[in-house]
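A.B. asks: According to TrEMBL, the protein carries these features:
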type: BINDING; residues: Pro86, Leu87, Ala88, Arg89, Gly90, Leu91, Gly92, Ser93, Ser94, Ala95, Ala96; note: ATP binding site
type: DOMAIN; residues: 56-139; note: domain 'GHMP kinase N-terminal'
type: DOMAIN; residues: 205-271; note: domain 'GHMP kinase C-terminal'
Amino acid sequence: MWHIKVPASTANLGSGFDSLGMALSIYLECWFTLDDSLAIEVRGEGRGMIPETSDNLVWRTADTLYRHVTGSPMPTGRLKVVSQIPLARGLGSSAAAIVAGLLLANTVLEKRLTVDELMEWALKLEGHPDNVAAALYGGFVFAWNDGRRVHVHHYRSPELKVLLIIPSFHVSTEAARQVLPTQVSLEDALFNSQRLALWIHAVSQRDWSLLRYAGEDRLHQPYREALVPGMRPIIEGALAAGAEFAALSGSGPTMIALVSPDRLEGVRRRVFEIAEAVFPEGFTVHETAPSPWGAQSVLDSWRWRSASNIPWHTRLLQTSTQV
Ligand SMILES: Nc1ncnc2c1ncn2[C@@H]1O[C@H](COP(=O)(O)OP(=O)(O)OP(=O)(O)O)[C@@H](O)[C@H]1O
Ligand SMILES: N[C@@H](CCO)C(=O)O
């Protein structure tokens, strides 16, 4: 049996539209055993909504990669997918499903592809690199494209708590990209490029006092506010109550705040009060932490650790930059 575990992710982090991402300690797991026919079982988030057929995104992705490498379909079997990641809420559920499928096929193939090759595949299937890079490599990532291939730089995530304010309604990434303009002003482009540089400086210097400025954005959040009324009061309220950072998570509708442990309770209370006023249809406030771990093949991880004492994610990261 193969066992794959992939973290949720938050993308953009304000100013880093389609380039910054961070893995979160909320997971999608799947188990796969070879068998004569295909049987898929979905549990947890998405149960009853996600197909339990060969249309399932985890399976489709595994099959696509396997066919590309071998010319044959992915061998059938029993696939169980259990996810804690809410769907279409800006927490990278589709990225986790795609990365799980790629890692599953690659594990069955006895790792013919490197993690950087898997990243290229993940980008091709997801369309933007930020969530899939965080899900694959773990930690805090910065992804950029040189026109031929994507590069991922990896940093330790801020040592801060994560508060997620998750409205009960869904926003698909597709819908949230359709509201974006095709052109922006030079002034707005400059505004974001300064703040994105500040993010990288803050994370390199481990200076969280800069994050409230680094997170400011004019490229996507102002346009997405129409889909998430309530976004601005939550972000402003979290910052006023002492959060180091607050922004829309990915394409929304979740808002994320990064908070030092001593201020967590005050910020939580404040965002809860605001959310009660702005999300009458319902919401949850969830506390979590960044995940240092990217996608793992759990049995391999155990095998490799006992064989070499080198954790799986360290081996994965040997091909990418770690700061
Ligand atoms: N556990 C899963 N198994 C199979 N497919 C899944 C699973 N979770 C999510 N998906 C697929 O991903 C789709 C949601 O993708 P979408 O990009 O709209 O939202 P998201 O990934 O949660 O949000 P974001 O990209 O903003 O972080 C689902 O409709 C489903 O097709
Ligand atoms: N960078 C992507 C993330 C989607 O989760 C977007 O904002 O559309």
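Indices start at 1 and increase along the chain as displayed.
The backbone N, Cα and C atoms fix where each Cβ goes, glycine too.
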A.B. asks: Can you count the other CB atoms that lie within 10 A of the CB of Ser94 (ATP binding site)?
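C.D. replies: Around Ser94 (ATP binding site), other Cβ atoms within 10 Å: 21.
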A.B. asks: If you take the centroid of the Cβ atoms of Pro86, Leu87, Ala88, Arg89, Gly90, Leu91, Gly92, Ser93, Ser94, Ala95, Ala96, the listed ATP site, which other residues of that chain have their Cβ within 8 Å of it?
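C.D. replies: The surrounding set, listed in chain order, is Ala8, Ile85, Asn131, Gly250.
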A.B. asks: Of all the binding-site residues here, Ala88, Ala96, which one's CB has the most other CB atoms within 10 A?
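C.D. replies: Of Ala88, Ala96, the one with the most crowded Cβ is Ala96.
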A.B. asks: Please report the number of other Cβ atoms within 10 Å of the Cβ of Pro86 (ATP binding site).
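C.D. replies: Around Pro86 (ATP binding site), other Cβ atoms within 10 Å: 21.
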A.B. asks: Using a 10 Å radius around its CB, how many other CB atoms surround Gly90 (ATP binding site)?
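C.D. replies: So the Cβ neighbour count for Gly90 (ATP binding site) comes to 30.
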A.B. asks: Given the model, what does the mean pLDDT over the domain 'GHMP kinase C-terminal' (205-271) come out as?
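C.D. replies: In the predicted model, the domain 'GHMP kinase C-terminal' (205-271) has a mean pLDDT of 97.
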